[in-house]
Number of protein chains: 2
Amino acid sequence: MKTKILTILSNSDGYVSGQQLCEQLGVSRTAVWKVINRLKEEGYLIDSVSNKGYRLLSQPDVVTSEAILSKLQTNYMGRQVFSYDEVTSTNTVAKQLADEGKEEGTLIVSDKQIQGKGRRGRYWESPKGSGIFMTVILKPKMKPVYASMLTLVAALALNDAITDLTGLEAKIKWPNDVVVNKKKVAGILTELSAEVDYINYIVVGIGVNVSMKDFPEELKDKATSLLLESGKSIGRAQLIAKTMEYLECYYERFLKTHDLSELKETYSKVLINKDQVVRILTEDDSYTGVARGITDEGHLIVEKDNHDLVEVYSGEVSVRGLYSYT
Amino acid sequence: MKTKILTILSNSDGYVSGQQLCEQLGVSRTAVWKVINRLKEEGYLIDSVSNKGYRLLSQPDVVTSEAILSKLQTNYMGRQVFSYDEVTSTNTVAKQLADEGKEEGTLIVSDKQIQGKGRRGRYWESPKGSGIFMTVILKPKMKPVYASMLTLVAALALNDAITDLTGLEAKIKWPNDVVVNKKKVAGILTELSAEVDYINYIVVGIGVNVSMKDFPEELKDKATSLLLESGKSIGRAQLIAKTMEYLECYYERFLKTHDLSELKETYSKVLINKDQVVRILTEDDSYTGVARGITDEGHLIVEKDNHDLVEVYSGEVSVRGLYSYT
């Protein structure tokens, strides 16, 4: 009911009478009053005026289930939310919940991560309250080998949500970073649990630097936050909800063909690598070329210096001009 | 210490004096006596004669850590054992332990499984004490797409262990069944946890029908046990230890090339599909042909009726004459 009241207040410009809330929700005045008080305790600024009712003046920047659900307009993506104050990593929690059978679209969010990991176990900064740490569970019926495409689908959703809410020109560095003004603001870590030819589930972990005002010296050239770049405070719950909405939309389009054929044009438009010099570092090779786009399978197409086109599907990709690669 | 005393007694034909055990283990006579008593309680038949010492007359068919370790001759495979009376499934427990960071070679064994699953969640019979339910954790440094080859590596190890201990002519039905006299005696379920281009871990679950004397009507044509086929009681701990030994050996050979190039000859020799009519059922196709062997990547090579060679890497494969496919 907290979610419902919050949703009604959020969507109303003026006052909503207690009577109206009671009727819409089929509960007593006392019940409404209790929920309003609980919301106030959580940091919601709610004006109560006799004969007029309640009006939501401001919302705290929390990532509770109610805060997210009151803003969410999806059919299934993010509709079941598990929200935590602190977790080792949202991917770890998501994997446990997925093992227990939680359904597709289940969203895990935490205010803080104490063991967040980037790709291959690298450390990812996570100060309390300043970032988004979330993971969504997906269960596409397809072979494990195609799971990597979901990273691109999620990157596209995240990129659009950031652009929408901040007005910034966000770009994607293939395959899994969102970049603003040549610095990283968000990353994605996709993991999967699978049988040989059958996906049990995929967890898509998303980390966003929302309101950090400073970064350690060694990261200053490479990382930034939405606050630093836009000067605006972005509500985390709002950004989470928006990301879920785009994700549902793009994921549905992905499922039609089980590849990126419908999305690759959209993706290429925001691909920061496009027509830029990139350096590819694999286990046994290193070369430079110019990135040209992606394939239906989400591989990066690179035109080597000798004009051969190669498909890059893993390994380290540096883009000239980004993250101190000059 | 229980494991050590059990190992010494198992490897001795005659009596081992208490004095000798004390010296070898650097403990008191009382300590040795206490362990001997505990072993007796667990069902070990140990003859104690003054002036001669202890002699192991018979061992109970248990799958405890001590029973397995006292028979195990490996460097790392199965050297850390987690043994349970009953679990939902050993794969599930193994995934939890692997998530907690347990190392490669860790073995999970249970006397009974209550939610054992076959491929794609199918039910797998598991009455108490009559079967082997075990899972081993592997962490090969390679891309997730190659994980399926480990099923074949494990099948080979299991097949050899069964042949060694029973004298039966065991065969492999590609990719993951062990077959004796045209009926299934064992199966393998491989699952993996991975990032897009990096394996977190693989769990290889192995189920063996050891001493079932009967099967439900609908399975009688398809399933059998080692006891039914060989007339012998096979010690489960012994079979587990032997499987771990072969697995370590084959896994090391696999790691040299990260494919099956060194093992495919050996595998093809015990491949029951070889030169037999097979029916392949995929999501969108169904055809018959003759199986010819496997590729370096572990795919089944099938010669279609028009003599085209195709590589089968997933889907249902039926072999004429097996499991009621006539």
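Positions of Cβ are set from backbone N, Cα and C atoms, glycine also.
What you see is a predicted model, and the numbers here were worked out from it, not measured in a lab.
Feature annotations, courtesy of TrEMBL:
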type	residues	note
DNA_BIND	A:18-37	DNA-binding region
BINDING	A:Ser89, A:Thr90, A:Asn91, A:Gln113, A:Lys184	biotin binding site
DOMAIN	A:66-255	domain 'BPL/LPL catalytic'
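Here the binding-site residues are A:Ser89, A:Asn91, and the one whose Cβ sees the fewest other Cβ atoms within 10 Å is A:Ser89. In terms of DSSP secondary structure, the DNA-binding region (A:18-37) contains 17 helix, 0 strand, 3 coil. If you compare every pair of Cα atoms in A:Ser89, A:Thr90, A:Asn91, A:Gln113, A:Lys184, the residues listed for biotin, the longest distance is 20 angstrom.
Ranking the binding-site residues A:Gln113, A:Lys184 by C-beta neighbours within 10 Å puts A:Gln113 at the top. The Cβ of A:Thr90 (biotin binding site) has 26 neighbouring Cβ atoms from other residues within 10 Å, across all protein chains displayed.
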